[in-house]
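**Student:** Copied straight from Swiss-Prot:
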BINDING   C45, C48, H49, M85  heme c binding site
SIGNAL    1-29  signal peptide
Amino acid sequence: MAGIVSLVILAVALFSFMNFDPYVSQVLALKGDADRGRAIFQANCAVCHGIQADGYIGPSLWGVSQRRSQSHIIHQVVSGQTPPMPQFEPNPQEMADLLNYLKTL
């Protein structure tokens, strides 16, 4: 039981941290443009995730916005903590555009 409680506390803390990160807050405050996001995806992500985002080296991203929170997606893109995915450093507007594009998948 103590293990479950600890796990829940850790999950809440991580979720809170990701939502209060200044970069994440900046991104989430912006209105993204799906067309610009698609161009960003094609230039940076399609090599691994496929031209249609249906997976290649990396997983399919269809429905990712329904499976993951926007904060989680932002963290995934900028952290590079899931090899072989590299760390990316999009500016806040580019990240907002990419998020908006991913919502269309």
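Yeah, the Cβs are placed from backbone N, Cα and C, and that goes for glycine too.
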**Student:** Using DSSP with the three-state reduction, classify C45 (heme c binding site) as helix, strand or coil.
**Tutor:** coil
**Student:** In whole Å, could you give the widest CA to CA gap in the heme c site formed by C45, C48, H49, M85?
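**Tutor:** The widest Cα-Cα gap among those binding residues is 10 Å.
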**Student:** Between the binding-site residues C45, C48, whose Cβ has more other Cβ atoms within 10 Å than any of the rest?
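**Tutor:** Checking each of C45, C48, the winner is C45.
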**Student:** For H49 (heme c binding site), which residues of its chain lie six or more apart in sequence with Cβ-Cβ distance below 8 Å?
**Tutor:** F41, G55, Y56, I57, G58, P59, S60, L61
**Student:** Can you list the residues of the same chain, besides C45, C48, H49, M85, whose Cβ falls within 8 Å of the heme c site's Cβ centroid?
**Tutor:** N44, A46, V47, Y56, I57, G58, L61
